[in-house]
């Protein structure tokens, strides 16, 4: 726990996982939060979330990660689902091109229902399915660079890059928050566990510039 002058204050960052149905959102979350994978998991009904703790610069950070169904019939939860989010993982399945083509729609929805400064990562999931790949790494990187997103390919099945992807988003949120006047009473209130964080940046240049990572890399 932190021993700084804020008395080990904890911060809560709400992160949402979005993307088409069956791209592996729930398994990404369960792999990160519980190190579990269910090959026969059914489509998420409604909304669920998991909380994961990290320590960054001596401060306890809680990431509350929300998962919801991608099917159109569940879109009624949209506003509440996005409210207060400061980070988002936009997920597609590298073996299903249609899910990649839907990324633009999900980004538009994210922009509509959340602050434009949300830390965002494009995630090409199921990179273990290399033999039936339908979206190249280069295409994923190019889209991420165009939209100003981090990019990473993951596999919830074998854990490739899952922890790295989530923690990169969490650290980016923390970095953005740290740029602000954390000693001000306003930000202490916003960032306390009693309130959901609202992320505001000083400028329009997001630090979430395109990052390219291949799940097949050795690093």
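Backbone N, Cα and C atoms are what each Cβ position is placed from, and that goes for glycine too.
Here is what Swiss-Prot records for this protein:
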BINDING   19-26, 67-71, 125-128, 155-156  GTP binding site
LIPID     215  S-geranylgeranyl cysteine
LIPID     216  S-geranylgeranyl cysteine
MOD_RES   2  N-acetylserine
MOTIF     41-49  motif 'Effector region'
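Overlay of Swiss-Prot annotations on the structure.
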residue: 19; record: GTP binding site; CB count, 10 Å: 24
residue: 22; record: GTP binding site; CB count, 10 Å: 17
residue: 25; record: GTP binding site; CB count, 10 Å: 27
residue: 68; record: GTP binding site; CB count, 10 Å: 23
residue: 127; record: GTP binding site; CB count, 10 Å: 25
residue: 156; record: GTP binding site; CB count, 10 Å: 29
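Residue 68 (GTP binding site) carries a strand DSSP state (E or B).
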